[in-house]
Protein chains: 2
Amino acid sequence: MSRVSRRTLLTGGLGLTGLGVGAAAAGVGLAREDAQPEPSTLPFFGVHQSGIVTPMQTHASFIGLDLLDRSDHDALRGILRMWSQDAANLTQGKAGFSDTEPELASTPARLSVAVGLGRGAFTSPALAGRRPSWLRPLPAFAIDRLEERWGQTDVVVHVASDDPMTLAHAVRAITAPVRRRTRLRWVQQGFHHGRNLFGQVDGTVQPADDRHDDLVWDDGSEQGWMAGGTSLVLRRIAMNMDTWEALDRHGRELSTGRTLDNGAPLTGSNEHDQPVFTATRGGIPVIPESSHIARAHQRSDREQFLRRPYNYDVPPDSGLIFAAYQRDPVVQYVPVQQRLSDADALNEWTTPIGSAVYAMLPGAREYLGETLFGDGG
Amino acid sequence: MSRVSRRTLLTGGLGLTGLGVGAAAAGVGLAREDAQPEPSTLPFFGVHQSGIVTPMQTHASFIGLDLLDRSDHDALRGILRMWSQDAANLTQGKAGFSDTEPELASTPARLSVAVGLGRGAFTSPALAGRRPSWLRPLPAFAIDRLEERWGQTDVVVHVASDDPMTLAHAVRAITAPVRRRTRLRWVQQGFHHGRNLFGQVDGTVQPADDRHDDLVWDDGSEQGWMAGGTSLVLRRIAMNMDTWEALDRHGRELSTGRTLDNGAPLTGSNEHDQPVFTATRGGIPVIPESSHIARAHQRSDREQFLRRPYNYDVPPDSGLIFAAYQRDPVVQYVPVQQRLSDADALNEWTTPIGSAVYAMLPGAREYLGETLFGDGG
């Protein structure tokens, strides 16, 4: 397939995935092979926010903000209205409302802006009853060495684009106008590649495309206003390159359970082959029980979630910004993370240093958060 | 021109520019319009180092290192030999010598690795007499607010690629093996766009392609070993987005002397039109005398140098990593910088916080620095 027709194909699929209809798993594969900036746009308005099941863009920033006055839910609504107005323009290649560098907005390159709320955003009496029950701190995992500077915030904005300048401009547009109302806690910048900095193929296992409505998107059964939203678990995982590189190649493959060259499970030959955990060689499991994929593999139908890994490289620190999206993190994500904490071989070289949970808002008809502030949706 | 044939054209030109024959000014234009990752490779061996007159890659890191023992010039030679061996492989898409993530090396995306030496690298008796006379601190400029953390180092490595993962991998390959011999002072990460974060078209004025041998490359007349090398002035310039954006659009154009939409001088209509500094309207200069282009404009033939601006965005800090290459910084760069320091209107919104000067080594036949350690070349 020529580069041009491939681009056309990818572009054709984007509107659909932005609305949650498209194929995330297929999209990941495309993004990996065809990583150059895309001239196309993602929808801002829709049932779901773009940037979640969307094929991953090359560059992303997660912005963590605290509200200066948590009790002022009108201020929060004002922020969300303003962001919606700007994002509706910027994602379509138009200048933001108070944009003084409109030329930097002209190449959206699949820009997406998605907003989520942390537990602290539900402090006001008007909103306290609307907090999803799963929106609470994750259990303390034994492997965690969490640093306050990468911790939970009241609000998160996930901005992503194939163009680093477009991303920088959008991050500025998001953060600058809200400084009287919020405190910027952190910006986590990352890039997507298909491999992480350990050289491992990453993000292979994903829910099937036709399970998004079931596994990713909230149906509003607990909190009506959340219908079309989802949850985000955001983990910052430091990776110790020195000790990892001291390990021989076979040892590195055993710790993951996959080959390094193409990410195939050690019992298979292609990335998407199903691992066979019962296979043995000379009485020894081919995929060690303590390997990452053996521990991470779903043990029930609910233990599935969307994996969106971004690499960060801020010398001398590097690692992974691991974003997991699922309808209910307590039921879907936590059991897997608990098993990894208990005995993942990779723990020797990785350290979670940041952790946060957010309710990612439903898509906007008029503005993000409209159902939260409306009659319950 | 179709995207594919354009790519072929660009690729065809790269081998030439890597050897210093090609068209840097034309190359800048191409890089601006056609910014997606390139599958192609740049030569490592040659008369000049790649990555200097090469059309700018999208992503770059400048790595500043100090030598732990400046008197040990054998250690420096060993470092340069090792880097040469790794860079010769990595730039061609092959694994580095001790590369434990060879899969991350497979897409060079125009990777270049260029090495320069600061004044401190010439401390040993054997090298003291080989220091170029211009390799000394820049004069203190009144506008400078230099921070030690972005200051002069003994060695710099400029790594650039269109792929952020390739870049991260190469930076790791450069820094990890030398930690017993060097101290990592800083890594300055940037991206190239054609505009800076103020929205200004940047890097317009460049020496003509046929003047590189005269204006950029050292001919060895002072230090024989430097033939084929050049000098790098590396300035880190913080940009105050808040106060800049408070200025109206006309004020911003007057401060630069160019339009914001396409970078044309205020007396012209296209980016590369020659500014007419004598033009007046109602008795007032169309391009103010204090504007950036009026102050930066060359007042003699020697006041020309190659501009290689990269944007940095480390919220809440953003600005420009300004790399200037010229045969002699004292004669070519300093007079221009002095005029800018004296009265550039842009100074109100920009602050130099880092400054360093390096002798960029000639290209390698066998290894970088071979003429420095040899018989004088």
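Glycine too: its Cβ is placed from the backbone N, Cα and C atoms.
Per TrEMBL, the feature domain 'Dyp-type peroxidase N-terminal' maps to B:49-191. Look at TrEMBL and you will find B:195-364 tagged as domain 'Dyp-type peroxidase C-terminal'. Look at TrEMBL and you will find B:255-274 tagged as region 'Disordered'.
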Which residue counts does DSSP give the domain 'Dyp-type peroxidase N-terminal' (B:49-191) for helix, strand and coil?
48 helix, 32 strand, 63 coil
Three-state composition of the region 'Disordered' (B:255-274), taking helix and strand from DSSP:
2 helix, 2 strand, 16 coil
Give, as a single whole number between 0 and 100, the mean pLDDT over the domain 'Dyp-type peroxidase C-terminal' (B:195-364).
96
